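Asker: The structure's right below; bear with me while I get my questions together.
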Amino acid sequence: MDHFLYKDGVLHAEDVAVSDIAAQVGTPFYVYSTATLTRHFKLFDEALTGMDHLVCFAMKSNSNLAVLRLMCELGAGVDVVSIGEYLKAKAAGFPGERIVFSGVGKTREEMRIALEGGIRQFNVESEPELEALNEVAVSLGMKAPIALRVNPDVDAKTHAKIATGKSENKFGIPIASCREVYRRAGEMPGIEVIGIDVHIGSQLTQLEPFELAFTKIAELTDTLRADGHEIRRLDLGGGLGIPYERSNTAPPLPVEYGHLVRRTLGHLDCEIEIEPGRLISGNAGILVSSVIYLKHGEGRDFLILDAAMNDLVRPSMYDAYHDIIPVVEPVVGAEQGPMDIVGPVCETGDTFAKARNMPGLGEGDLVAFRSAGAYGAVMASEYNSRPLIPEVLVKGDQFAVIRKRPSFDEMINRDTIPAWL
Ligand code: LLP
């Protein structure tokens, strides 16, 4: 469920008409709903009630400072994957003890900053990383709290580019060899072993792969405890998918995921940590764009928008489907016939949808891409020298620009020309 609905014939974000935001901010722009973000965080939080737990928002899905502040105020933790994300989380108000640091390539410098600034745990993904973290912690006279990210060799049954839990993926330590790595970690003076971490992929639409992975983690917890390790926290990663296509069967709900966690891991008396990104922010955001032209091609029509692949790369990168709807509610029978919906960037890959039926749209009309709150703005670039687009946050009947559109001068003046040219 989200808070983008037609009211009086116009798409609203909560109680604000999307057309009013467009008039003030100009298109294209992203808009997020406070109510949807809050609701989705709470669904996870409530799904884990009865278990000691922390929902750590995967900020890679949406790292706007205002969104992070909202999550922080709701009591969330945060999952970061770079020191940039760590510093952003800190700037948004997260205390170190609510920040989890994941990622395969943490540098020594990143480790030092996080240790000095405070950290809940590092999710360590390899032996060389473990050695490096131990060295950095020892040099600071500290102990780094860690979970080892285990690769359970489970097929997440999702898009290949976002599956992470198979043995051929770059992520984690193979489950078969992790006992030995835990043994080494247990002997390191700068390391404090506190748990196990697993994340098998993103946009999972079935619970079965989670079940396979969590069952393996339960067995591993027993084994490691028998080996003498104090395993007290299990980080289960993120990955629960969202319904992008309304006609498809909807993925499982957080409450069902919560039941699964309880059933597979509840008996271990561990603190449960999860790192959802998409399910919290995905359906909490839309991308609003204007039609520039309706172009009649040979045997094909093109709806050319002012948003492009640099603003929302998911369709060209993963062939991802996004619902695209008119901001003014269409009248029944206004179907225009199939058309390709494209952006102005000079690549054929700059295509949002092929042969999509759209209702009577023409120049200047507004459209909204649904489910664009996750992996939308964060993956944007300035390709074709198109400045990053604004982000807006709505709460009830108020809205605020939470990232302004840079001027062309700001974009141009970031570069410098050497004196010798
Ligand atoms: N934890 C870790 C260690 C991750 O790598 C990820 C996502 C998450 C949590 C959050 O997963 P989520 O709950 O959002 O599925 N750009 C792609 C998605 C990449 C996901 C990367 N890792 C997309 O647009 O579909």
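From the backbone N, Cα and C atoms, a Cβ is placed for every residue, glycine too.
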Asker: Given that TrEMBL assigns ARG278, ARG314, TYR318, GLU347 to the substrate site, pick the one from TYR244, TYR257, TYR375 that the record assigns to that site as well.
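Answerer: The record-listed residue among the candidates is TYR375.
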Asker: Going by TrEMBL, GLU275, PRO276, GLY277, ARG278, TYR375 bind pyridoxal 5'-phosphate; tell me which of GLY239, GLY337, GLY343 is listed for that site too.
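Answerer: Same pyridoxal 5'-phosphate site in TrEMBL: GLY239.
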Asker: Closest of the recorded positions to TYR375 (pyridoxal 5'-phosphate binding site), Cα to Cα, picking from ARG314, TYR318, CYS346?
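Answerer: Nearest in space to TYR375 (pyridoxal 5'-phosphate binding site), counting only the recorded positions, is ARG314.
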Asker: Could you work out which of the binding-site residues (GLY239, PRO276, GLY277) has its C-beta surrounded by the smallest number of other C-beta atoms within 10 A?
Answerer: GLY277
Asker: Summarise the model confidence on the domain 'Orn/DAP/Arg decarboxylase 2 C-terminal' (29-373) as a single mean pLDDT, whole number.
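Answerer: Summing pLDDT over the domain 'Orn/DAP/Arg decarboxylase 2 C-terminal' (29-373) and dividing by its length gives 96.
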Asker: Highest Cβ count within 10 Å among the binding-site residues GLU275, GLU347: which residue is it?
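Answerer: Neighbour-count leader: GLU275.
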